[in-house]
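Trainee: Sharing a structure with you now.
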Amino acid sequence: MGPTRVPRRTVLFQRERTGLTYRVPALLCVPPRPTLLAFAEQRLSPDDSHAHRLVLRRGTLTRGSVRWGTLSVLETAVLEEHRSMNPCPVLDEHSGTIFLFFIAVLGHTPEAVQIATGKNAARLCCVTSCDAGLTWGSVRDLTEEAIGAALQDWATFAVGPGHGVQLRSGRLLVPAYTYHVDRRECFGKICWTSPHSLAFYSDDHGISWHCGGLVPNLRSGECQLAAVDGDFLYCNARSPLGNRVQALSADEGTSFLPGELVPTLAETARGCQGSIVGFLAPPSIEPQDDRWTGSPRNTPHSPCFNLRVQESSGEGARGLLERWMPRLPLCYPQSRSPENHGLEPGSDGDKTSWTPECPMSSDSMLQSPTWLLYSHPAGRRARLHMGIYLSRSPLDPHSWTEPWVIYEGPSGYSDLAFLGPMPGASLVFACLFESGTRTSYEDISFCLFSLADVLENVPTGLEMLSLRDKAQGHCWPS
């Protein structure tokens, strides 16, 4: 492998001399042109309690580059006396409607105060656009409709941040998390809470919204979702446990099976938000190279096979498959739109525990498995060096590669988007991420890269060790 390529970076939002700061990016690709929508929080200072309102820049992709419009303030995305935070857009492909979810938090109440007191100050809000983000409708407060009585057991909650997804069934999903009140003491003055990921969903193209069940066991927070072939949903979440948490849903996010730690995806100190996006792998790339599977134990999957569990487990991916589909044939559709992405079936450990039983036909030979990309700071002690990770078997927590660092320096929150195949290139992706030279909240940057770039630049061995925690700048957790 030659010198590592670093994609060209464009700064879309930059901290101003007045102290005005831009944080918490979200990115959405709107076909067919496509149009890119880059969202962010505008804050009076870097502090969470000084969040103010949401802003947007629209970009048009032409001939491999993006032409960006000027910054606009989303004037309708606000509740009176509340601050708007955590942009989380999702597109309904059937109607072309964009739903921008966010939370509106009363005054300057910090999240930490809500967690300590058990007194929620957040509202679940949404605005919509039917013209690719040019105009936005009035705000909807969905708190009572979507959460209802469950809110009394939530110390606080938030959506995303980053993009939501739409499943093949049409269900719209918005990733979220809550600090659930486990118990109260001293007449309710002391509150014991634990964070849990979840999803809000709609089955009627956004007319009504509902709250799904929590990831039940491990502490999990800010998360993103990806569809899994076989009608499963994959959740990847921030955690204070030292590694990311993944969890599966067999009912499209209505509930989640117990989560499990992903040992190959380390968290920074106190954790950091990360982004995932799923896509169909190109059939021309052979899966035999152990370099891309993350483990020499991994063996290629047939795109159409029956799964037989050889070893029992009550949790995670293996437990899900054991309970719901011990001998279910899984086949990939031969034609799917670029916006409907799935994940390849797999296990939570050694793939030798899965036995292929369905002979591959000439048609199935043309079908490709699906992969995941994941973006997150590569530093383990601080938020440094934005990395792109690849998994060719997403349900296997050992399948992730080491990161390809696309930006050296302080880095924070990010959001990925899949743009599809482009002329003269392989599959193309975009990343919107917090960056800076001394702190991770100086800029929000944008870059484009292809799957070929990822395959060429992902490290294969221990070459990340010298970079991961190289001192550079000051990165404050949040």
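Cβ from N, Cα, C; glycine included.
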Trainee: Out of 22-25, 90-93, 222-225, 450-453, which range is noted as motif 'FRIP motif' by Swiss-Prot?
Mentor: 22-25
Trainee: Can you tell which of ASP47, GLU222 has the most other C-beta atoms within 10 Å, given these are the recorded positions?
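Mentor: Answer returned by the neighbour count: GLU222.
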Trainee: Just how many other Cβ atoms lie inside 10 Å of the Cβ on ARG43 (substrate binding site)?
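Mentor: Summing over all protein chains shown, ARG43 (substrate binding site) has 23 other Cβ atoms within 10 Å.
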Trainee: With DSSP as the reference, give the number of residues of the repeat 'BNR 3' (247-258) in helix, strand and coil.
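Mentor: Final tally across the stretch: 0 helix, 3 strand, 9 coil.
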Trainee: With a Cβ cut-off under 8 Å, give me the same-chain residues at least six positions beyond the ends of the repeat 'BNR 1' (127-138) that come close to it.
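Mentor: Distant Cβ neighbours of the repeat 'BNR 1' (127-138) are 30, 35, 37, 56, 58, 74-77, 95-100, 206.
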Trainee: Can you tell me how far the Cα of ARG238 (substrate binding site) sits from the Cα of GLU434 (active site), in Å?
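Mentor: Roughly 17 Å, rounded to the nearest whole number.
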Trainee: Check the Cα distances from GLU434 (active site) to each of the recorded positions ARG43, ASP47, ASP48, TYR177 and keep only the ones within 10 Å.
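Mentor: Passing the 10 Å Cα cut: none.
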